[in-house]
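Quick look at what TrEMBL lists:
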- 1-19: signal peptide (SIGNAL)
- 42-146: domain 'Purple acid phosphatase Fn3-like' (DOMAIN)
- 195-374: domain 'Calcineurin-like phosphoesterase' (DOMAIN)
- 416-471: domain 'Purple acid phosphatase C-terminal' (DOMAIN)
- 551-669: domain 'Purple acid phosphatase Fn3-like' (DOMAIN)
- 676-780: domain 'Purple acid phosphatase N-terminal' (DOMAIN)
- 792-1007: domain 'Calcineurin-like phosphoesterase' (DOMAIN)
- 1032-1091: domain 'Purple acid phosphatase C-terminal' (DOMAIN)
Amino acid sequence: MGLLVALWVVLACAGVVHAGEQPLSRIAIRRATAAVVNSASVKAHPTVLGLKGQSSDWVVVEFSHPNPSNDDWIAVFSPSGFSSEICQPESWEDLPPFLCTAPIKFQYANFTNGAYKNSGKGSLRLQLINQRADFAFALFSGGFSAVRLQHVFSIFFCVIYTYRLGHRLSDGSHIWSKSYSFRASPYPGQDSLQRVVIFGDLGKGEEDGSDEYGNYEQASLNTTKQIINDLENIDMVIHIGDLSYANGYLSQWDQFTAQIEPIASTVPYMIGSGNHERDWPDTGSFYGYNDSGGECGVPTQTMFYVPAENRAKLWYLTEYGMFRFCIADTEQDWRPGTEQYKFIEQCLSSVDRHKQPWLIFLAHRVLGYSSGSWYEIMMGSYGEPMGREGLQDLWQKYKNRCVQDGSNHYSGRFNATTHIVVGGGGASLSPFRATVPYWSFFRDFDFGFVKLTAFNNSFLLFEYKKSRDGNATFFLEGFLEVRFQSQLGNLQGCERRRRRRSMRLLLWAAAAAWLAVCAADHPSRGGGGEQPLSRIAVERTVHAVDDAAHVKASPLVLGLTGENSEFVDVEFFHPNPSDDDWIGVFSPANFSAAICEPENQRQYPPVLCTAPIKYQFANFKNDDYSKSGKGSLNLQLINQREDFLFALFSGGLLSPKLIAVSNKVAFVNPKAPVYPRLAQGKSWNEMTVTWTSGYDITEAIPFVEWGEKGGRRFLAPAGTLTFDKNSMCGAPARTVGWRHPGYIHTSYLKDLWPDSPYTYRLGHRLMNGTRIWSKSYSFKASPYPGQDSLQRVVIFGDMGKAEADGSNEFNNFQPGSLNTTYQIIRDLENTDMVVHIGDICYANGYLSQWDQFTAQIEPIASTVPYMIGSGNHERDWPGTGSFYGNLDSGGECGVPAQTMFYTPAENRAKFWYATDYGMFRFCIAHTEEDWRPGTEQYKFIEQCLSSVDRQKQPWLIFLAHRVLGYSSCAYYESEGTFEEPMGREALQELWQKYKVDLAFYGHVHSYERTCPVYQSQCVVNASSHYSGPFQATTHVVVGGAGASLSEFTTSKIQWSHFTDFDHGFVKLTAFNHSSLLFEYKKSRDGNVYDHFTISRDYRDILACSIDNCPRTTLAS
């Protein structure tokens, strides 16, 4: 215990004792200000390190400053997005500090540069090691006490691809181009440095001065050259229309592609369509001009690829890491009701803002605002006629006026859309009107382009650069606190006060950024979801170390033979024991001050500010502990990417006193890939594998090695996601419950053979070439849709997690959750898929519990698809867009669930989706988002039910977490509804119209089956066998997989056929297209306690055409 006491003494005396001062502590980080000088520069090379596998490399940093001083210094930051990643303002209204993370090293600019003060020029040779992130070099003035940022340059460790173009002649010989290289795009949502250049109207120029084309020559060439000069710091280019100005002279297209070759061969060169590509009378263009010179779009759509559904209609979306770009085609009609308007709305509304916080709209003509004199004189509109009138409700659905003054820095809540015209890539300049409109903040009658730099998911830098010199004439910074759990396109009811921050950029031949969010409130429902860790009053912990007490844990190293879980023996002694004493397990082991922040500078940080990952009372199975003070526990640990420490506390859970701590315990490879979760992909023959590791993409490349059992092996790359504390919506997820989730990788295994067995293992390739492997797993591919074979699906809700060692007493979760898990594992050879419909692990803001849940289900989820739905304990939080404004998610607001598990949803944040398995169609709804008629989700539900091919999928299943159908739960009786309010009233017409066989729900922690019921009446009596035509949907509540049980009403309910106040789950077995077996099994023994069969020839269902089933009512 002496070491711990000594540590606290050193910390307390740090202000007095200087012998051990850390050099980085000299820098007044939080006083830093932005003082960017355009004529200053910092450049570092090489820009890519470790190409030969080395984990350290030397970098030469060259810099210049027009006003040098001996106080100037160079700092090295890693990751490169150093300016706001962990910044926290003092209050919601305050701006966050500009800089709040220290560099990893620094050096004065005049070091070995004796003439620096006079010349302002210098260079340093600095050594970098691979530290799992990219690097930025920043030049500061003002010394260490008045820090002013002058310029930044970034580099990174990464993987580069090379390619060359080839043609094989008919005689077998090959013609080759020279070699080129590029860097692959980041995974959607990947939090890394991402830089995009945007401009319009470039045209082509001639180096030899021929073809004098107004003043295109120099400007077009200058823009091109400036981009080439900065190409190492650019990841994508977007040219939004008026590309080459060939205007019908086709030779000019070759000359234009030659001009941009150094750019377009290295980074993605995305284009939009302009009037000089498309317009020609009587060819379907919106404008009947002659601007294209007769090309009418054909060369453009042929010479360049765009990911459009129809390349003749040049509107499309593309994603790059944290960006979503919605590119419109202004030469086609965009007004409400048109095909393009529907695309624009879909593109803007479907973005997952947790992954792509930066939403960019681009178009050639100015559909927003421009003070160009042509618009004023010819149109009187300050923009393209019918432009913003048709679209501004989409850009800014709830604000229709300019409410924010121009600024160089934006932070906080959404105010209004900023529109930027950036059509000065090279063509003849357009004059402005003399009078500056009030909404016009900055104008430049010169050639230039825009560069966007996303440092992370909460900080974006916007720069306008002149083509003549590449200097930033205007820049704009955007900070936001990321809380994008609710889909921004689903903004019903958003007049309520915003509680999240975001920013969008909207670019016209230009662009701009915008922030938006929405909330919906609803009273809390459901219960039984208390997280046991929430019982601990962490913030009240006091330091009461007793030197006579001790805690010892063994073994010290776990997983020596590849295990991801292992039991640890913990022995402890307390000279003054009490029955309130308890053992807490902490990970990482340095738990006492790692993320603690005092309320103000005059306070010491709290002793404890992070919850344990599990706990157990000291007298558990130690009956004489209160007398002897001696005890031992056998606790199970799983690999959670960090080391572990065991702490003895007295004072109970409400007044914890830290008595003693143990030695550290760790897994031999804490970063190893663990806990694979299979899920159906977006097509029937695709399986996804998601897993967790401690390896960031800058440290190791994730992949899956897979293939048919005994056959050829393939390597499939994986994308990587994670999230940080700022992605959480509130406490405890943002406070004592926070623990880094690690890195979540997903790989897509495609073109699988139906019903074939496959094996796979998870891999990471380190930068030195070493490969880290998981153990091998196996799965069986899904059957072909409609395949007539034995198909078995297990369904349940509200399971939660439990501890095999008896720790974390969680009401009565232990037997239910573990028993359900064990029974499914025992019958796994007879199970093809699992569907867990919400209330997954009940982490409730204690992030460590997600790892423990994925470890618990690993034997299942690594073998069969484990599909999930979202429940209140995953999603609900006030002011974040959830349909119910309660606190059930503990501040998670959906982020861990949608990151830890893959679902084939169009937008994983919305969590509604369809998935087919052989003869089954599953339509999985999201009850934490609005499902009522007129909403986006209602349209999805109807589309899912109506579009199924009942010849292939005769068994149509609807699933949702909350009871949208029927339940005789006592709580619902007290509400007077016997359902979730507004549930079946909104949906029963769809179930009956499209002949839904079964509807499953969780939320109520018990089992109940109804008769085939419609409009609260049994259409036929409940039975153990149904045959003949479809009559009505049978509703099943199966929320008793593990959580605390829910009481039923004592009233006799006519439609309620079978209830069970116990833990259990359902298994469906489709024998063929006309025979289905339903079984309800208790978790305690796996035996069947309720069952029925359906035998049906389905002639009534096969008579349905899509969207046209004959309507059935009680009258008919």
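Backbone N, Cα and C define each Cβ position, glycine as well.
Broken down by DSSP into helix, strand and coil, the domain 'Purple acid phosphatase Fn3-like' (551-669) contains 4 helix, 51 strand, 64 coil. Most Cβ pairs within less than 8 Å of the domain 'Purple acid phosphatase C-terminal' (416-471), among stretches 195-374, 551-669, 676-780, 792-1007, 1032-1091, belong to 195-374. Counting Cβ pairs under 8 Å to the domain 'Purple acid phosphatase Fn3-like' (551-669), the stretch among 195-374, 676-780, 792-1007, 1032-1091 with the most such contacts is 792-1007. On the 0 to 100 pLDDT scale, the domain 'Purple acid phosphatase Fn3-like' (42-146) averages 80 in the predicted structure. Using DSSP to sort the residues of the domain 'Purple acid phosphatase N-terminal' (676-780) gives these counts of helix, strand and coil: 3 helix, 56 strand, 46 coil.
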